[in-house]
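Written out below as C-alpha cells is the structure these notes cover.
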Amino acid sequence: MFDTPHRETSVDQTEIKISARGCQVYYGDTHAIKDVSVEIEDKTVTAFIGPSGCGKSTFLRCLNRMNDTIDICRVEGDILLDGEDIYDPKVDPVQLRAKVGMVFQKPNPFPKSIYDNIAYGPRIHGLARNKAELDEIVEKSLRRGAIWNEVKDRLDAPGTGLSGGQQQRLCIARAIATEPEVLLMDEPCSALDPIATAQVEELIDELRQQYSVVIVTHSMQQAARVSQKTAFFHLGNLVEYGETGHIFTNPEDPRTESYITGRIG
Amino acid sequence: MTDMSQPGTAAPSGKNRSSLLAADARTKRRNASERRFRLMGLIAVSIGVLALVGLLTSILGNGLSSFRQTYIALDVYLDPAKLDKSGTRDIEKIKKVTTFGYKPLIEKALVAAIEKAGVDDQGLSGKKIGAMISPEAPATLRNYVIANPDKIGETIPFDLLAGGRIDGFFKGRVTMESAALDRNTSPEQLRLAEALRDKGIVVTRFNWAFFTSPDASDTRPEAAGLGVALLGSAYMMLVVLVLALPIGVAASIYLEEFARQNWLTDLIEVNISNLAAVPSIVFGILGLAAFINFAGLPQSAPIVGGLVLTLMTLPTIIIATRAALKAVPPSIRDAALGVGASKMQTVFHHVLPLAMPGILTGTIIGLAQALGESAPLLLIGMVAFVREYPGAPPEGFFDPASALPVQVYNWTTRGDPAFVERASGAIIVLLAFLLMMNIIAIILRRRFERRW
Ligand SMILES: Nc1ncnc2c1ncn2[C@@H]1O[C@H](COP(=O)(O)OP(=O)(O)O)[C@@H](O)[C@H]1O
Ligand SMILES: [Mg+2]
C-alpha cells in the first residue's frame, strides 16, 4: 500500500491559489478556528486531516463562504483567492461559490433527474446558450465525474435513485459542471464502500490536472494516497502543514505524530 | 460470551438454567402489561368509532330525506280574468297581482285534477285541498307569469311543491296520529295525498332545489334551500384562498429562510402559535371592529367573512408551511448554494417544490376549518335571512349572503320540525365538502411523497 508515498509533486511551478492569513472563526462564543494561516497551491490536492471536531469542515466552509448561512458564525482575518479578499464586502458569495465548488460529506443530489442535477449550475450561471451546448456540458461533466457510462442511458431517472457511490460521483460531476477553479470536498468518501472510494480517489487525482482540490478526510491512507500537501488541524489550530510525504514520514510536531500513529483522534 | 444470564436469575453452574420454552416471571409481567395496554387502546378506538357511527347515523337518518322532495304535478289554467283584468298584457299591471291572486288558480287546478283522476276527496273543502300545496307554489306561478306574460290564457303543466306536512308524511316524519293533533294538516289530507300518489299526481323525487334555491321563511320549510349559503361559502373560500395562501406562504418563507434568528423573530413565532389558539369568535369581534365599523365594509358580505376567515386561517397555513419548509433537508440547501445558487434561487428552485405537498395539505386543512366555522360569521351579520343571490364577482363579494354552517345554525333555531331535516341535510352537504377536501389533501400527500 501507499503508506509512505513519494509522489513527484509539481514543485516546478507552485502558484498560490488560496491564502488564508490569521483566520479566526467563532460560533457564538466558541472559538472554532484559531489564527490559521495557510497557502493552498493551484493544481494540487491538499488534504485536511485531524481528529473530529478540530475545525476541518469549518475552515473548509470558510473558503467558499458557506459559513455565511450559519447565523452565529463569525469569520475574521483575510482569505485571498488569487490575491482578492473573498470576505470583502464587495464580493458576492454567489459568484464566489461558482468559482469555488463544493462536494459534501453526505451525497446530496437534488431530487430531480440526473440530467437536471448537472444542468442546474450551468443553467443558473448562463454557461450554455442552447440545449445542444447544455447537453454537451452535461455529458462532459458526467464523463469527468467517471459516471457517464453508468447513467448515459437513464439521464431522466432521478439522481436520488442511484447508489451511494454513484450519487457522490454525480455530486462531483455537478460541482465541476460549473467550471470552478477550486474544488472543496468534505469527507467525500465517508459514506462510500471501498470500490466507490477507489473510483472517487482516482477521479480526484485526475481533477488535479485542472483544479486546486482541497479534501477533508478521516482516513490517513486516503490523505497519503491522493494528496500532495497535508494540513493537520488540532483543536482549531493548524498544527502542521507541508508535503504529504514529509508529514507522514517525519512529522515535526508531537501532536501530529501521535495522531498519525493513532494515539489521538 | 456464552453465559448471558443476569445476576440472580441463573447460577453460572447451569443448575438453574432457565428454559426458553417456559416464560419467566419477568417476561410474564411484561406480556401482561402489554396486553393491558393493547386492550385499553382497543377500548379507546372503539369508543371513538362508536361516537362517529352514532353521529353519522343520526345525521344521515335525519338529513338524507332532505335530498328528496314531494311535488304535485298540475295543469294550471292561467286565467286572464284573474291575472290580467285590463287585457293589455302590460307587465306593470300583471306585477300588481300578488300571490293571493294566484292561489285560487292552483286550488282550482288541484280540485279539477282530483275529479279527473276519480279520487275520493275525503270530503275536504276546496280551501283544505288547496292547503296541501306549499305556500311557495303561488310565488312559483307568479314568477313564471311575470317572466312569460304571453302565456296568460293558456294551460301550463307545473310541478308545484307539496306542503311541508304532506312531504313529511311521505318521508315518515308525519303520521296519521300526529296529523290528527296538528292544526296545519289532517288525516283526510294525508289519505288524499296517498291516493294522489297512487295516481302519479303527487311524486317524490330528487331535490335539486335543495342545492339551488335560497332560504325560505319559517312557514315553508319545503322551499328552503342551500343555494345562497353555498354561493356565499364558495365566495368566502375564494377570498380566503386568494389572500391566505400567498400571504401565509410568503410570511413563512421569509421567517424560515431569510429572517435572522433573533428576539424579534422569536416573538413573532410565539405570537403566530398563539394566534392559532385564539377562539374563532374573537376573530369575529376583530372583523366587526376592523372591517365593518372602521373600514365601513357592508354587513353580511362574503368579502368581510372571507377577510375574517383569512385572519383565522393564516396561522394554520403559516405553521404548516414552516413545518414543511423545516422538513426539507438542509443538505438540499447546501447543494444548491454549493453550485452557486442565490438564496432566492435555492428557495424557489429546490426548497419550495419539495415543501409544496406539505404547504397544500396545510392550506386545505386551513380552508376546511374556515369552511366549517360559524362563530365569527354570526358577529359580522352573516346570519341574516337572505333570499337574494349575491351577484357575480367581484361586486357579488359585497352583496349580502349566507354561509353553510351559519345556515345550519339558522335552521336549527326554527320551530317547524321540517327544518331539523333541512339542517341535517345541510350538515351532510358540509361534511361531504370537508371529506372531499381532506381526501384531496391525502392524495396530494401521497402523490408527492418525500422523494429524497
Ligand atoms: N453550526 C455550528 N454551530 C455551532 N458550532 C459548530 C457548528 N459547526 C461546527 N461547530 C463547532 O465547531 C467545531 C469544529 O467543527 P467542525 O468544523 O465540524 O469539525 P470537523 O469537521 O473537523 O470534525 C466543533 O467544536 C463544533 O462543535
Ligand atoms: Mg466535518
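Glycine residues also receive a Cβ, built from the backbone N, Cα and C atoms like all the rest.
TrEMBL: automatically predicted annotations, no manual curation.
The domain 'ABC transmembrane type-1' annotation in TrEMBL covers B:230-441.
Summarising the annotation, TrEMBL assigns region 'Disordered' to B:1-27.
For the transmembrane segment (B:39-60), the residues of the chain that approach it from at least six positions outside its boundaries are 424, 427-428, 431, judged by C-beta separation under 8 angstroms. Summarising the annotation, TrEMBL assigns transmembrane segment to B:39-60 (among others).
Beyond the transmembrane segment (B:234-255), the same-chain residues lying 6 or more positions past its ends with a Cβ under 8 Å from any Cβ of the stretch are 265, 268-269, 302-303, 305-307, 309-310, 313-314, 317-318, 321-322, 325, 347, 352, 359, 363, 366-367, 370-371, 390, 393, 396-397, 401, 403. Summarising the annotation, TrEMBL assigns transmembrane segment to B:234-255 (among others).
Per TrEMBL, transmembrane segment is recorded for B:275-297 (among others).
According to TrEMBL, the feature transmembrane segment maps to B:303-325 (among others).
A Cβ distance under 8 Å defines the sequence-distant neighbours of the transmembrane segment (B:351-372), meaning residues of its chain 6+ beyond its ends; these are 233, 236-237, 240-241, 244-245, 248-249, 253, 257, 309-310, 312-313, 316-317, 319-321, 323-325, 327-328, 332-333, 404-405, 430, 433-434, 437-438, 440-441, 444-445, 447-452. Among the features that TrEMBL reports, transmembrane segment is placed at B:351-372 (among others).
The transmembrane segment annotation in TrEMBL covers B:423-444 (among others). Within the chain carrying the transmembrane segment (B:423-444), a Cβ under 8 angstroms from the stretch's Cβ atoms is held by residues 59-60, 62-67, 210-211, 226, 229-230, 357, 360-361, 364-365, 367-368, 371-372, 404-405, 407-408, 411-412, all 6 or more beyond its ends.
Long-range contacts of the transmembrane segment (B:275-297) within its own chain (CB-CB distance under 8 A, at least 6 residues past either end) are made by residues 303-305, 307-309, 311-312, 314-316, 319, 373, 375-381, 398.
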